[in-house]
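Accompanying notes for the structure given below.
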């Protein structure tokens, strides 16, 4: 493992970048600022290194940015309608940071905090964060650990482990933006995606699920047969109109078991990414709201320059009886793993 300086934050925190490399020449870099995934470098079909995630050159970019590049999101990812919820008869108010709703737990984001390095080895690093009672408006203190592992078969494994001292909501994800032709290569509309899901959670104009589970059959949301992202993205369809493209939660067919649930590939680079998870949902977001963001190496990122595969409990599950709930009870362990494998 290589450790380098990653710059100082506006708050004066000195940050580090930790780089892991495997025998195949694949490399990932993560920072203690936000436990952020900064680089994923894989060989393309010609053996040339290709960095397939969007990001910034130093910690200050992540501190100032609002696109969640490479971010660990918590305590509860995605949206909570009305920015409040009731648990054990008590109503908890969250920050209204998205049209009167709560997005990614409010503006005091986990990805804009310093995490401690708990443990390192040649192939993994574990970050930890203590989230106090009342943090972001949630009940209970939670000790959180996130472990990044780079395997010898070219997979990035992200394992989450959290234990609360009171009943609370925990629904964490990673918000990395992927482009199989490289982070600076332009849009991903010709790149192909497959998702093992027969349905998605219908949402309203503010991206809050209605509670309806909508079959993908006969809709542009059907990725059960691999297709180009751009093939149907401009279709006049409610979900695509609301999200300005793909930005919805798919109901995965994995039945809570760790399994392959999605794939993204590029014919140009020859790189394919497989997504594995044990969580019931996944948000496919196609970077619809990226507007000339300055990124790594002087790159400028634009609309639909990447796709996110955010594994999760369903958004707003706390308000939907038919959605698997993200409630983690006192003393229980929240534990989940997501893996991005490159072939």
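Using the three backbone atoms N, Cα and C, a Cβ is placed for every residue, glycine included.
TrEMBL annotations:
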- 175: active site, proton donor (ACT_SITE)
- 310: active site, proton acceptor (ACT_SITE)
- 78, 79, 175, 176, 177, 247: beta-D-galactose binding site (BINDING)
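Sequence features annotated in TrEMBL and their locations in the structure.
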residue	record	Cβ contacts under 8 Å, 6 or more apart
78	beta-D-galactose binding site	103, 104, 171, 173, 249, 283, 310, 312, 315, 316
79	beta-D-galactose binding site	98, 101, 102, 103, 206, 207, 208, 315, 316
175	active site, proton donor	68, 69, 70, 71, 72, 73, 77, 111, 308, 310
176	beta-D-galactose binding site	37, 40, 53, 54, 69, 70, 71, 308, 340
177	beta-D-galactose binding site	53, 54, 67, 69, 70, 183, 287, 305, 306, 307, 308
247	beta-D-galactose binding site	207, 283, 284, 285, 286, 288
Checklist entry - Taking the Cβ of the residue listed as 'active site, proton acceptor' as centre, how many other Cβ atoms lie within 10 Å? => result 23
